Amino acid sequence: MRSILDDIFPCFVAGKAVASSTTFDVTNPYNNEVIAQVAQVTPAETEQAIQAALEGGEPLSRYRRYEILNAARDLLLERSDAFARLICAESGICLQETRYEVGRASDVFQFAAMEALKDDGQIFSCDVSPTGKARKIFTLREPVKLISAITPFNHPLNQVVHKLAPAIAAGAPVLLKPSEKTPLTAIRCAELLYEAGLPGWMLSVLLGPLDEVAKTMVTDPRVELVTFTGSVNIGKQIAHEAGYKKVVLELGGNSPLIILDDADMDLAVHLAAEGCFRNSGQRCTAVKRLLVHENILAEFTQRFVERAAEYVVGDPAEEQTRVGTVIDEAAAMRLESVVNDAVAAGAKVLLGGERRGAQLSPTVIADVPRDAEMVVCESFGPLAPIMSVRDIDDAIELANATDFGLSSGVVTDSLDHALRAVKGIRTGTVNINEVPGYRIECSPFGGVKDSGLGIKEGVIEAMKCMSNVKTFSLPF
Ligand code: NAD
């Protein structure tokens, strides 16, 4: 892989690199250095990308899709260090996390390659009712004609691969618009896919003014599916603007970790710290609220503060760092401000709270009022607000007292409590004795309420959205 400072990072129109003179800068959030310029596409180039995708080319056999995805996985593993360093440089997320992310993305390619070989077609015999005929109805899947995929900054590689790999496995062409905050990894990922054998018409990477590029990708009637991962406000705006087409929305979260008084305390402390602070707290499924049974509140709080202090904050590119920056200084300042507001309303900062530029140290806050902005809205950073709950019913009620419904975790030794939580919490996922974010890359994933429309992602579910079922019947 070339050095990140070698040249201007291009966009790609149907596999062809386009590098106009209009560029924007990508900066390292840790030291504010400009690490690269990215070329923007013109509206005419966006139109060329759409036309090339619709014109298409030789459809890829299942085996060819499998080969391309496997080759992409191999190339990614060969370049894993360079990808981890690039994600780290443009996002400020520490190397320990970005290495983990590259591993996840390689899983996505692997699972998508496996799924490309499978056919989920069904056969229905029609002579199963009094009026039935001697016919059979068959199903097959056809790829949608064109997908617009729009991704956020917080997993610059994995979010992109979660859109592209299932699309390739399903045989559907994609226009990708990664986040302007972290476009470099996405561009290198596209190059890797072309190198793995992906035909140009199957993928374009478009960056430019939102009112030109993103708006066209959302509103153009030739686009059959818009798949968006990002914040609630933008997701709802896209739902409004997209018109008559499929829309998949994977939006924000406000995940609770409920810790009951029958919990294994070591496990609870471990899961709370991992859930709150990994990826600088910038996972849609990061723990955003610790709901702790009042009987164990004091012991948990003391042990959790000790554990949180072990998370080394520092230069994201240093091997020992466990918490890098958040995405930029403005985001860190917003987090600082919600902490200050909670303190003004009676909360106490037990650890952290110090900000240096885009870096906020892991911050543990106790006695957080239930209506504090920090716990009502999504606080996308390493904040750990602790709230006391009386019992399982109070915990479930508080877990549900949010507009979000992405994921949740419960730490308990009681099967009864576990089952009540699974039934009672209104989120797309409930993990018992695990962090809310636990998943594998091919299991169904997605939220309800403001976190999403209940349409799942994960390789298998995403492939279903990226294709349409056709039925045909034959007289036999
Ligand atoms: P964001 O909504 O600000 O941006 C996401 C993408 O949308 C970016 O590519 C951005 O350029 C683009 N965009 C912005 N305005 C647009 C418009 N008007 N039309 C079309 N596209 C537009 O989100 P972000 O700050 O990059 O990411 C963080 C958010 O993403 C958090 O809320 C997080 O919870 C959420 N997220 C959700 C999931 C999930 O699977 N549910 C996963 C990761 C992140």
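Every residue, even glycine, has its Cβ placed from backbone N, Cα and C.
The active site, proton donor/acceptor annotation in TrEMBL covers GLU250. Long-range Cβ proximity for GLU250 (active site, proton donor/acceptor), meaning a same-chain Cβ under 8 A and a gap of 6 or more residues, is found for PHE228, THR229, GLY230, GLY235, CYS284, PHE445, GLY446, GLY447, SER451, GLY452, GLU457. Following the DSSP three-state reduction, the secondary structure of GLU250 (active site, proton donor/acceptor) is strand.
According to TrEMBL, the feature active site maps to GLU250.
What TrEMBL records for CYS284 is active site, nucleophile. Look at CYS284 (active site, nucleophile): DSSP puts it in coil.
Under DSSP, GLU180 (NAD(+) binding site) is assigned to coil, being neither helix nor strand in the three-state scheme. Annotated NAD(+) binding site per TrEMBL: THR151, PRO152, PHE153, LYS177, PRO178, SER179, GLU180, SER231, GLU378, in sequence order.
Residues or ranges marked as domain 'Aldehyde dehydrogenase' by TrEMBL: 20-471.
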Least Cβ-crowded entry, counting other Cβ within 10 Å, from the binding-site residues listed as THR151, PRO178, GLU180, GLU378: GLU180
Long-range Cβ environment of PHE153 (NAD(+) binding site), under 8 Å and at least 6 residues apart: SER91, SER179, LYS181, THR182, ILE327
Model confidence over the domain 'Aldehyde dehydrogenase' (20-471) (mean pLDDT, whole number): 98
Longest CA-CA distance among THR151, PRO152, PHE153, LYS177, PRO178, SER179, GLU180, SER231, GLU378, per record bound to NAD(+), angstrom: 23
